[in-house]
Every structure is written in structure tokens, then in C-alpha cells.
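Shown next, in C-alpha cells, is the structure this report addresses.
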Amino acid sequence: MDLDTITSISTPMGEGAIGIVRLSGPQAVEIADKLYKGKHLLNDVPSHTINYGHIIDPESKEVVEEVMVSVLRAPKTFTREDIIEINCHGGILTINRVLELTMTYGARLAEPGEFTKRAFLNGRIDLSQAEAVMDFVRSKTDRASKVAMNQIEGRLSDLIKKQRQSILEILAQVEVNIDYPEYDDVEDATTEFLLEQSKEIKQEINRLLDTGAQGKIMREGLSTVIVGKPNVGKSSMLNNLIQDNKAIVTEVAGTTRDVLEEYVNVRGVPLRLVDTAGIRETEDIVEKIGVERSRKALSQADLILFVLNNNEALTQEDYTLYEVVKNEDVIVIVNKMDLEQNIDINEVKDMIGDTPLIQTSMLKQEGIDELEIQIRDLFFGGEVQNQDMTYVSNSRHISLLKQARQTIQDAIDAAESGVPMDMVQIDLTRTWEILGEIIGETASDELIDQLFSQFCLGK
């Protein structure tokens, strides 16, 4: 594939020990040699070596930076192109200067995700593996990173390719049936083979979809909304879980006027914690905006932490709020157990029925462990499944698998109903195409561009 040479900073901007400028493309080594001065020309050194030298401005002859340069020659590289990585001291000014010099002497600034896109276009990885690269970068927990690494290694890809190959074998048998319709024994054998193989494919798709709920949570986080009357301790709970003071905690009811969101690792489960403004009628315009956002957050939540105040008796407002959330996955928390108990716990139990109940004191940090265990148990039965198994964690993949399950079921129904094989062939082919979209073999250029545009620069 004839592509130009791209360049980008591949490390986070800011002060640090090391900053890396990466080049990839047919002119990568040549461009670097125009700037690099060391014991040998980079063009003359072996592949996969690191070389000490300096970056020199060819025009002013000024020494710009002391560097270590990695030379990686195609095809045994991430992009399957020649790659140069210039390791600089991690300062904004210097690394930008090196980047500008690479562009001055022939490289183009890379688009977001373009290095990974080239790896995909050059056949180094497929689309699901490319998406997993960004999942790995963005992972919030050890489990999430392991799920992403599993996909980077191609385990999901291998399963999808296996199912697509099975469909091709069915289609080949169907073609024989279509070409020789006069042989009844061929038709009977084809129908039997089609049904047997199609049901196995559907079973495998179902197995993958069964991992989707856990996989999606590990990838995106469990959207968890903290809700309750104003001043029951919602923000204190958020702060205790994230060990931060992002939310303002005061004695004035209604001081959380917006939706505050933070990620937290709860026993290996990534929670996307949302602290909402108290949901109540208000004339304050700023607070009213926060209340509306709270209602929206509630409608999108995977888990709701419903907080009550141990120091106050249940009110009609508590009952009204619980009525709003009771049909969702809820954990009820009676907070402020360090204060005098004015709430009737039996009344609380009557209101919530079998809903889990935890008693906490955020001030004394009591009950937090019990809360974390309850969250884990509620969604994962106390233990996430074997980390070596292949999870489907990407919403796009889950959607496509659901479509594939439907089209393979359509093929099964049609075959069992005696529909002509050329009609069954349509559903089988569509299933093959849908599965191909997961790994990028049948994905449109527009979809590919859109997916890679979500990557960070330098990746």
C-alpha cells in the first residue's frame, strides 16, 4: 500500500522523563537521517536497534536535543511500515521542535489513530483488534485491560473467523444443491447439514452475547447514580469512594447543583459514579438544570445507590424518590449512622422489600467495604468469570452479533419450512457479511474512518 510518511508525538504532552516522536512510512528512516547525527547513519544500522545521537537543525546546525532513536524496519513493525521512534527528554518545547523538524523535512502530521489505522489497512491487525488497542489505553481496571489484551491478541477475531468459515462451508453445500436440484438426496443432505451447522453457529453467537453484559461493564464502566434527598450524604459517599473532594460537601441542602461524574475501581469492577443534584421541585434556575440532568442520569443508570439519612425519619419525599427508582437495580444505603438514629429501619425494610440494604457512616468511613462487596455481588455474583475467556465488550460488536443471531435464525426457520435454498442462501450470506463487519472485512470506508477518528493522536 503506497502511503506517505506520517509523524506525531506518541506520549502525553507535558513534563516527563521521556517524550517520543514517532514516524511511520516509506521515508521514515530517510527523514530521520536528515536530522540525526550519531556514530552511524540510521539507514545503515540493523532493524530493531536503539541508537544514541543528537537531533540537529539542518538549516541552523543547532543541536536541538540529545536522543535515543529506535529503528524498526518493515514488515516486522506495528504498522508493517518502516518506523522511527525518537526518544527525547520529556519537555513540551523540545519535543514540539523535533516534531516540527520531521514535518519540515517530509513527514505529514498523523491524524488521530492513523498509526493503528495503517496497521489495520496493512493487515497487521483486524478492526476488532484495532478497537481493542484504544480500549486497552482507556481501561480503568486490571480486569478491563486483560479483556482488551485478550482481544488485541486476536481471540475474538479467531472466533468470528471460525464462524464465517463455517458459513462459507454451508454456502458451498447450498451451491451444490442449487446447481443439481434434480437430486433429492443432495437436497436432503444439504438441509440436514445446513441446520446442524447453523444451529452450532447460533449457539456460539449466543455464548459470546452472554459475555456482553459483563464485558461492556468492564469496558465502559457500570453507570452508577447516587440519589437521595438533598443533604443525606451523597457527595460524601462519592468522595469516600473516589478518595477525592470533587463534590462540594456543606451543611446547606442543594449545594450539588449539577451532575458530578467520576470513575472508581470497586473490587475490579469499574464504576462510573454519578452524584446527582437532589431531585425535587425548585425555582432556582441553576439548580433546576442540575435536577433535569439528574433525571436523565437516572434513566441511563445501570445501578442506583439510594441514600437515606439515619438522623431523619422517612418522609413522603423519600417514598416518592424510591417509587421512581424501585424497578431498577438498587442498593439502599442508610447513611450517617454516627448520628442519633431517628429513622425506623423496619419502616425502611417495609418500603424496600428485598432490595439490598447497607448501613454506613461516611464520616467514620464505616460500611464502605460492605457496600463495595454488595455492588460486586449484585452484578457478578461475587466473582467475575475466568479472565482468560473471551468477552465481547464493545457495543458495536454486541449490536452486530445480535443482528447475526437474527439472520442465522431466519436461515434456520426458512430451511425448516422448506423454503427454496436460494432464499436461505440470502440469510446465510447476510450473516457472513454482518460477522465480517466486526473484524472489518466487510465494513465500509466511512465506518472505518469514523472509528479511527475516535483514537488519540500518536496512536
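Just so you know, the numbers here start at 1 and follow the chain as drawn.
Glycine is treated like the rest: Cβ placed from N, Cα and C.
Annotated (6S)-5-formyl-5,6,7,8-tetrahydrofolate binding site per Swiss-Prot: Arg22, Glu85, Arg124, Lys459, in sequence order. Lys459 ((6S)-5-formyl-5,6,7,8-tetrahydrofolate binding site) carries neither a helix nor a strand DSSP state and counts as coil. Cβ neighbour count for Lys459 ((6S)-5-formyl-5,6,7,8-tetrahydrofolate binding site) (all protein chains, 10 Å cutoff from its Cβ): 19.
Per Swiss-Prot, domain 'TrmE-type G' is recorded for 221-380.
In the three-state DSSP scheme, Asn231 (K(+) binding site) falls into the coil class. Feature annotation from Swiss-Prot assigns K(+) binding site to Asn231, Thr250, Val252, Thr255; the stated evidence is sequence analysis.
The GTP binding site feature in Swiss-Prot is assigned to 231-236, 250-256, 275-278; the stated evidence is sequence analysis.
Cβ neighbours within 10 Å of Ser235 (Mg(2+) binding site), excluding its own Cβ and spanning all shown chains: 22. The Mg(2+) binding site annotation in Swiss-Prot covers Ser235, Thr256.
Every protein chain shown contributes to the tally, and the Cβ of Lys234 (GTP binding site) ends up with 29 other Cβ atoms within 10 Å. Within the same chain, the residues at least 6 positions away from Arg22 ((6S)-5-formyl-5,6,7,8-tetrahydrofolate binding site) whose Cβ sits under 8 Å from its Cβ are Thr7, Ser8, Ile9, Ser10, Ile83, Ile84, Glu85, Ile86, Phe115, Gly458, listed in sequence order. Glu85 ((6S)-5-formyl-5,6,7,8-tetrahydrofolate binding site) falls within a strand when secondary structure is assigned with DSSP. Asn231 (K(+) binding site) counts 20 other C-beta atoms within 10 Å of its own C-beta, drawing on all protein chains shown.
For Glu85 ((6S)-5-formyl-5,6,7,8-tetrahydrofolate binding site), the count of additional Cβ atoms within 10 Å of its Cβ stands at 19 [all protein chains shown].
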